[in-house]
Amino acid sequence: MARAVGIDLGTTNSVVSVLEGGEPTVITNAEGARTTPSVVAFAKNGEVLVGEVAKRQAVTNVDRTIRSVKRHMGTDWKVNLDGKDFNPQQISAFVLQKLKRDAESYLGEKVTDAVITVPAYFNDAERQATKEAGEIAGLNVLRIVNEPTAAALAYGLDKDEQVILVFDLGGGTFDVSLLEIGDGVVEVKATNGDNNLGGDDWDQRVVDYLVKQFQSGHGVDLAKDKMALQRLREAAEKAKIELSSSTETTINLPYITASAEGPLHLDEKLTRAQFQQLTSDLLERCKTPFHNVIKDAGIQLSEIDHVVLVGGSTRMPAVAELVKELTGGKDANKGVNPDEVVAIGAALQAGVLKGEVKDVLLLDVTPLSLGIETKGGIMTKLIERNTTIPTKRSEIFTTAEDNQPSVQIQVYQGEREIAAYNKKLGMFELTGLPPAPRGVPQIEVAFDIDANGIMHVTAKDLGTGKEQKMTVTGGSSLPKDEVDRMRQEAEKYAEEDHARREAAESRNQGEQLVYQTEKFLKDNEDKVPGEVKTEVESAVAELKEKLKGEDTAEIRTATEKVAAVSQKLGQAMYADAQAAQAAGGEAPGADAGAEGKGADDDVVDAEIVDDERKDGAA
């Protein structure tokens, strides 16, 4: 059975995990790290770079480097590169492809099935877009799971009955969830958050501060210099991390820009107190979702058994202090790595779905109410927020006018009483209603939410049996053929990357062989017969010529030729050595005689192993 992985597709970093003998293991990527930056870059030569390599070259390639694309999921955001449009699903698919590749390399087998996590506050469109990103990357997405739900699964699998508060502050999204665990059931009682608040915003405050300080000191606005801004962003992130463990840090960026007087350098001290002052309003924004969750769940603070911190941003001392203050002095549980816990939970959920993990039932909830617009622009809710999913609810509606031939069903997601103030997810029309006075027709509207949080809406005229259906995807859903096209495109990029890698390897082998052969000829000039030397030099010259071009096949052929003819160097030298030995007569001693056997008898085309050598001499 094919292995299934759990993927935490984060705003700033992503993690992939797999079950090994029933235990979740975080997979180390090709660069040797356990987290992969969610950064995609398009090099000038057309190569797609993902992860650490993309992040490293961002300074010199700002316009062609894309980060934090998760914030655009489910929107019509696009980026145009080399005359080609890329949407958030395609960019995310590049990150997922890398995680898939790293997992395959680690496991030594194909990986197709995956569970991918999303913030609890993601709406329908954002969830659908995440699922599509997985499909474009060539993954069969078994389930889209809320991040705090995954964290609870990783944390609470073998625990007793308890209430857990998950405080998840990542790079770009923030949510708070309250979960009940017991009898193998993980149930999300309430969830709330802000999907435009995260560590990136803390970094941005430091960047703004540095720009302001530099402008007042040098009169130069660094905000207008893209490359300088990129360096500032990296330095701000580093400073934020350092201030989590020390009370002061220095940001030193030489040659940040130049003025008429010459190059300018940035050198600023930043204390933890200053940093906390700069970001105090961001911390304040974390409070409302917390209070909302406690109110929605209808519990007292004293009922919370454990507090779990998720996301690298929770390492900031001010955040940890805030959580302690909000929860009435409760210390957060330190037994979980905040960067990896979500991916671990996703791997466990993949195990549940594959039947590898037993005795766990995962109950998720819908984060926002769902309903339709009725007369007067009112939002009539069919499914209240925090309803456990999968779920199905239906209600009977009627017409507002006499002889109304059709009804328009407009689906909304949100908590406002007026439909227009909520997020519109889609609309469709049920036509062909028979003429009747208003209030007579009976139209049943049913909302059906599947385990991924994707909703299907049906409207049925109970009089005629006419029915109209739609899958609500917030307008972001891509047609199947579009997803297929993008998947093929992603595969094509992967093939191109593979071809580039092969070409680079062939070139490296060729260059290495040229160097080794030329060195050998130089070191053994007097021992190599003239005709052999000429033949080898000719093959080397031909290979050097091919290395100037770009034809990989020709480079490979020329390399093989050099490898073949250079064997004659060794043969010629051994023949000379044997001739010299024969001319000198047999050396005395039994050992010498044993070693002096015919060359062909004693040549083994393999590594020398002591045991074999003894056997051979016996």
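The backbone N, Cα and C atoms fix where each Cβ goes, and this holds for glycine too.
Since this is a predicted model, take the numbers as computed values, not measurements.
Taken residue by residue, the compositional bias 'Basic and acidic residues' (487-505) breaks down under DSSP into 19 helix, 0 strand, 0 coil. As annotated by Swiss-Prot, compositional bias 'Basic and acidic residues' applies to 487-505.
Residues annotated as compositional bias 'Low complexity' in Swiss-Prot: 580-593.
As annotated by Swiss-Prot, compositional bias 'Acidic residues' applies to 601-610.
The phosphothreonine annotation in Swiss-Prot covers Thr173 and is backed by similarity to another entry. Neighbour count (other Cβ atoms within 10 Å of the Cβ, all protein chains): 28 for Thr173 (phosphothreonine).
Summarising the annotation, Swiss-Prot assigns region 'Disordered' to 487-512 (among others). Remote same-chain residues near the region 'Disordered' (487-512) are listed as 46-48, 90, 93-94, 97, 101, 135-138, 543, 546-547, 550, 552, 555-556, 558-559, 562 (criterion: CB distance under 8 Å, separation of at least six residues from the stretch ends).
The annotation region 'Disordered' is assigned in Swiss-Prot to 580-618 (among others).
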